[in-house]
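Chemist: Quick one: structure below, then a few questions.
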Ligand SMILES: Nc1ncnc2c1ncn2[C@@H]1O[C@H](COP(=O)(O)OP(=O)(O)OP(=O)(O)O)[C@@H](O)[C@H]1O
Ligand SMILES: [Mg+2]
């Protein structure tokens, strides 16, 4: 998690300064905006596990995000289950959906764009299902009853919400760092770099990939539940729509896929850029996605390792004799 | 230690390997020779579990491992390397070796320590922190060997670890392999470099067109007319004999 160069230290420092500055700005608009960005950052961190470390680029993380949100909402709205339990259930549901999609796709050896298409198909099927059944609220979605309090996990004070999200993002990043330097992380990277060599070295690559999808699904499910608890309302287009799937992958690619800080930095950067453009160009609808596309193309062309990769080359710290990078 | 019986594999109409058998005794270095396209690598992929043979059995340390997936076979202590080296390009040399070491050392510090130790033993001490993608071909071949060794495997199937090396590099690797063998490992190696086979292997098998055509000590094999013909073409043995007598 520690920066490896002056450039990375500056990049991380800027992100931290921005996040800290919100406590002093007292601007509800910026607060709301950043709360959204942090929820997306959690999905980006989810995508980063499979897409960044594992090299399995998903185009349908909405499938797990939406499943987490819907699982929690259904339990609370339709069955009156305690929000804390529903919160946990949403994470588990996201993990289960991830494992299920992974198990199916990898059983048939799907890779690259085939894998991306299958994940997209899953998200779309789930979106259509969610808009058709009564239990998911059909076309009108599900609304949580407004009931602020610790026991309902609803908070009126935006800065409390913001603080909770910061803590959660930090926890997910810490988990990411821990995974990266664990046996599982090494195996996942080995699978990304060369699956045959990984198999020869005793790695059950199918199991590693499904496990990665489960972990990624748990993070995405968590993000979905967070969205639900913050905005108290979901519908199929919002949580199963492809917008969130796209945001999940652009952030890490811009910021640096397979790094701990990349997804957060990329997501914050993109959202700030999108917001800036919206104000400059008077709210032309859909404009942020046009902008994202342009940025994505530039990143793929000029920044193969994202901002973190670029920053790593600026003022590299001298490495210690001993290993531990 | 390894008993391969009547292995066969066809790809479409092509019989890549037919009815091949071989034995590797514990602590031995056994060669597997044959001209290009003879089916040597295909034998390895079947023995190591990468492809399922159409017929035949593979027994390792008394256990039938035919058709087991590669990771199960590796966990039992048999591992293959690749003819076309396959480094994990995004990782350092030490991290590459650690991927192998993780098989029996689940903790990162331990796996990295084992990796360092194995790397040093193979003369890669100075390269440990370099990215694997920066290695020369000799370095990559050595890395392939180091990674395999780090898994703790007892039997190593080496697919042309000396191809493309200059003679001084070959004799270095020969020394390393001999040293590893003396530490208690067993080798089955595919090799084109005759100098290496002659000086390392106690016995060798020769494959041609998917069939085992000869088995013996390297000295016997180079005098075997069937082997000479397989390498140099039909009638070559007779012509060589004439040449000797003339
Ligand atoms: N996956 C495959 N599909 C189709 N044909 C294959 C496949 N693998 C190998 N072959 C064919 O099987 C034959 C044996 O190939 P193999 O790679 O085992 O030979 P080899 O003895 O290792 O040769 P070399 O010395 O060139 O490495 C060749 O004719 C090859 O083209
Ligand atoms: Mg071969």
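Cβ from N, Cα, C; glycine included.
Nobody curates TrEMBL annotations by hand; they come from automatic prediction.
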Chemist: In TrEMBL, which of A:190-208, A:285-303 is tagged transmembrane segment?
Modeler: A:285-303
Chemist: List, by number or range, the same-chain residues at least 6 past the transmembrane segment (A:212-234) whose CB is under 8 A from its CB atoms?
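Modeler: Apart from its flanks, the transmembrane segment (A:212-234) reaches 35, 39-40, 42-43, 45-47, 49-50, 53-54, 56, 58, 61, 64-73, 83, 86-87, 90-99, 101-103, 141-144, 146, 153-154, 161, 165, 168, 172, 179, 188, 248.
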Chemist: Residue list, the transmembrane segment (A:7-24) vs rest of chain: Cβ under 8 Å, 6 or more residues beyond ends.
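Modeler: Result: 30-31, 34, 159, 162, 166, 261, 264-265, 268, 307-308, 310-315.
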Chemist: Are there residues at least six beyond either end of the transmembrane segment (A:62-79) with Cβ under 8 Å to its Cβ atoms? List them, or say none.
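Modeler: For the transmembrane segment (A:62-79), the nonlocal Cβ contacts are 43, 46, 85-87, 89-98, 101, 119, 122-123, 126-127, 130, 135-137, 142-145, 216-217, 220-225, 227-229, 234, 236, 239-245, 248.
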